[in-house]
Amino acid sequence: MTSSLPSGQTSVLLQMTQRLALSDAHFRRICQLIYQRAGIVLADHKRDMVYNRLVRRLRALGLDDFGRYLSMLEANQNSAEWQAFINALTTNLTAFFREAHHFPILAEHARRRHGEYRVWSAAASTGEEPYSIAITLADALGMAPGRWKVFASDIDTEVLEKARSGIYRLSELKTLSPQQLQRYFMRGTGPHEGLVRVRQELANYVEFSSVNLLEKQYNVPGPFDAIFCRNVMIYFDKTTQEDILRRFVPLLKPDGLLFAGHSENFSNLVREFSLRGQTVYALSKDKA
């Protein structure tokens, strides 16, 4: 039986139903490229994840071969597809008030400081972390203009768009108190029931921007009283981790805090930081 579809449509259908081959050589090239561009180290067991995420890019571009896709990337170092490639391979697991023990430490530190208290969320993902920081500072310091500011960044431009929107499912805010939910969020009605949006009064204190932590210099409005860089260093090798931590040093004020993820340990990487608490590091006053 012959197909009644035009040949072009038949080709597209075949792409959608057939599993494309990802050779060892192509997987190694992908690992090299994402390491060069974003510093991310992909282990062999991530191969299925890489396939499932990048095959969507191939199909969106009408390509049926990973080699052609990689050659297209390498042929134009300024192609917009590079950002799509990075977005596809970054992992964004986050939640409001994740690793909750950090936030009372942040609040206490903020109350003891003078002037505008500034925080950088260096892996902001879809916004849950920077908004959790903002809620903590609003509760601790109030909402007077110029009292505090949160700068939030990520390499993934797609998650930053969601973060800027400030829209979340109500079910994602279970870690907030009823008072915080009422004070800092608006509930959706009608077709938007079950959704909430960050109130503009809080959102005004949070600034979002795209930053690649591999850059030699960060275009960020430091220095900061605290930096949150949680659950992102685990994707980098030790050399890259050390380089990033050294770039953080001049961006922190004396006795500034660095918050790390639960599985990250920076104690033996950079001598300027000393352990202050559970996954919390302080910049030595004489090293700033």
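Cβ coordinates are placed from backbone N, Cα and C, and glycine is handled just like the others.
Quick look at what Swiss-Prot lists:
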type: DOMAIN; residues: 15-286; note: domain 'CheR-type methyltransferase'
type: BINDING; residues: N92, T94, R98, E129, D154, N212, L213, R230, N231; note: S-adenosyl-L-methionine binding site
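Positions of the features from Swiss-Prot, shown on the structure.
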{"residue": "N92", "record": "S-adenosyl-L-methionine binding site", "Cβ contacts under 8 Å, 6 or more apart": "S125, T126, D156, V159"}
{"residue": "R98", "record": "S-adenosyl-L-methionine binding site", "Cβ contacts under 8 Å, 6 or more apart": "E128, E129, S132, R230"}
{"residue": "D154", "record": "S-adenosyl-L-methionine binding site", "Cβ contacts under 8 Å, 6 or more apart": "A123, A124, S125, L160, A163, S210, V211"}
{"residue": "L213", "record": "S-adenosyl-L-methionine binding site", "Cβ contacts under 8 Å, 6 or more apart": "G39, A122, A123, I155, C229, V232, I244"}
{"residue": "N231", "record": "S-adenosyl-L-methionine binding site", "Cβ contacts under 8 Å, 6 or more apart": "L93, A123, G261, H262, S263, E264"}
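For the domain 'CheR-type methyltransferase' (15-286), the model's pLDDT averages out at 93. Residues N92, T94, R98, E129, D154, N212, L213, R230, N231 are recorded as binding S-adenosyl-L-methionine; their most distant pair of Cα atoms lies 23 Å apart.
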